[in-house]
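Data first, discussion second: the structure below is written as structure tokens.
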Amino acid sequence: LKDQFDNLDKHTQWGIDFLEKYAKFVKERIEIEQNYAKQLRNLVKKYCPKRSPKDEEPRFTSCIAFFNILNELNDYAGQREVVAEEMGHRVYGELMRYSHDLKTERKMHLQEGRKAQQYLDMCWKQMDNSKKKFERECREAEKAQQSYERLDNDTNATKADVEKAKQQLNLRTHMADENKNEYAAQLQNFNGEQHKHYYIVIPQIYKQLQEMDERRTIKLSECYKGFADSERKVIPIISKCLEGMILAAKSVDEHRDSQLVIDCFKSGFEPPGDFPFEDYSQNIYRTISDGTISTPKQEGMRIDTKTTVGKAKGKLWLFGKKPKPQSPPLTPTSLYTSSTPNGSQYPIFSIEPVHYCMSDIKTGKPRIPSFRSLKRGGPALEDFSHLPPEQRRKKLQQRIDELNRELQKETDQKDALIKMKDVYEKNPQMGDPSSLQPKLTETMSNMDRLRMEIHKNEAWLSEVEGKVAARSDRRHSSDINHLVTQGRESPEGSYTDDANQEVRGPPQQHAHPNEFDDEFEDDDPLPAIGHCKAIYPFDGHNEGTLAMKEGEILYIIEEDKGDGWTRARRHNGEEGYVPTSYIDVTLEKNSKGA
């Protein structure tokens with residue numbers, strides 16, 4: 001390769017171009033990775049739920065799994081960004097820096113080769129000039145010698161011409177000898193430089209170029225490996241992301257989702273009762289059997305079908321607005337009469353007018369709104385009485401838990417303030433103890449307020465739980481009574497002469513054995529779950545508390561929720577909270593169903 005300087009120049013330039021071409025490839029791959037990661041993140045952001053902190057949407061397992069998959073996909077996008085960053089730092093950046101250094105080194109080696117070639121060319125020119133000059137002087141010396149010999153042999157030539165020709169010959173001969181010596185020196189010098197050029201300088205330059213090209217090849221190999229390592233490093237994390245997606249898919253539980261739907265929409269209301277049998281043939285049979293009675297039938301004795309139907313429809317108030325029953329006025333015709341053995345008559349009041357009067361009184365009490373009114377966005381009450389019982393119980397329990405957490409924070413803050421105050425009292429130089437008193441007072445006030453809120457919400461919660469238990473008991477008993485009542489009625493609903501049955505009123509009244517309980521179920525007291533004995537007397541001056549004397553026996557209607565207060569009731573029905581540390585509590589077994 002000693003004479004292939006130009007070809008080596010082209011080869012090294014091709015190597016650098018190939019290096020930059022691969023660098024461009026890596027750059028485009030980095031842009032693809034970055035765009036891919038960006039699109040994945042935008043996709044995750046698009047489908048991620050945008051919930052406020054107070055949003056209480058049920059978290060179904062399918063939704064949770066999808067959100068987990070989105071999180072894993074977001075992590076996967078992050079790993080693609082790591083790949084792009086690693087390629088940019090380890091491969092592309094290194095290639096660009098090495099390409100710049102390679103260009104500088106190649107330029108330096110090529111310049112050294114050109115300088116050596118130029119120096120050799122200069123030596124050759126000097127040698128060639130001395131050679132041409134020696135050749136010219138030799139020809140001139142030959143001409144002078146021929147001229148001297150011609151004059152020397154010429155008899156007609158003068159001696160002076162011969163001497164002059166001889167001197168000219170000597171001069172040319174001397175100059176030819178000097179040029180000969182110079183040419184020999186230049187030739188020797190050129191041969192030395194040429195040997196040095198082709199055996200020392202050029203091989204060294206070519207070796208440097210060879211090492212440079214080999215380093216370029218090694219760098220490309222390292223970059224190829226780094227390109228693959230950038231991808232291989234994130235494979236374990238990507239595998240974890242994919243495993244997380246698989247675990248999220250396996251976590252989907254259809255039964256749990258169904259239970260969440262049930263818990264979310266469970267109202268706690270009872271299903272509507274059976275429609276009563278409306279016997280319109282009673283008046284016909286009664287007219288036939290009582291044909292000898294001269295007392296005319298009044299319209300008040302007849303059953304108002306509209307009122308009866310209205311009552312039956314009133315039982316369906318769970319899914320609509322409860323109609324207000326119309327109460328007919330009390331008239332003498334609404335009384336039944338019965339004869340005594342001595343012939344005297346005394347009035348017997350029918351149950352139906354009394355029931356109407358009681359219905360009139362009861363309808364003045366506000367009822368729980370229906371689902372339809374809830375869907376229209378009714379006003380939210382503090383005790384959540386606008387919600388169905390089961391949803392109300394959940395809301396109250398959530399509020400109690402939040403209040404308990406706030407109370408625990410305030411308690412911790414109070415303890416910290418007390419400790420800080422003790423430190424200040426022992427070391428006055430650290431601070432003024434009186435400066436903590438306002439904050440301590442405020443904390444104590446917040447704790448009292450939170451306790452009262454907890455007591456109030458626990459009372460509402462106990463009320464809801466008591467109603468649900470009482471409602472289930474009454475539903476069981478009403479089902480039994482309903483079966484017994486149906487057994488007493490005749491299949492045809494005919495009229496009988498038994499005065500006791502006549503006093504009971506129309507058979508339709510038996511079709512509503514639990515209607516009275518349903519109307520007044522809001523006033524049922526909470527069931528007792530145990531009893532307690534007062535160990536110490538308690539004044540009970542605060543609102544919601546119950547005063548007690550030492551040794552007094554009280555009923556327990558609500559256990560201590562962890563705040564140090566127990567709800568109790570006297571024999572006369574008076575209820576309130578008493579300190580748990582002041583009483584000796586005995587809970588009954590199976591008190592929930594008692």
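Yeah, the Cβs are placed from backbone N, Cα and C, and that goes for glycine too.
In TrEMBL this protein carries:
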{"type": "COILED", "residues": "124-168", "note": "coiled coil"}
{"type": "COILED", "residues": "393-427", "note": "coiled coil"}
{"type": "COMPBIAS", "residues": "469-479", "note": "compositional bias 'Basic and acidic residues'"}
{"type": "COMPBIAS", "residues": "516-525", "note": "compositional bias 'Acidic residues'"}
{"type": "DOMAIN", "residues": "1-257", "note": "domain 'F-BAR'"}
{"type": "DOMAIN", "residues": "386-463", "note": "domain 'REM-1'"}
{"type": "DOMAIN", "residues": "527-588", "note": "domain 'SH3'"}
{"type": "REGION", "residues": "320-339", "note": "region 'Disordered'"}
{"type": "REGION", "residues": "469-528", "note": "region 'Disordered'"}
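Taking DSSP states H, G and I as helix and E and B as strand, the domain 'SH3' (527-588) has 3 helix, 29 strand, 30 coil. The DSSP breakdown of the domain 'REM-1' (386-463) into helical (H, G, I), extended (E, B) and coil residues amounts to 72 helix, 0 strand, 6 coil. On the 0 to 100 pLDDT scale, the domain 'REM-1' (386-463) averages 87 in this prediction.
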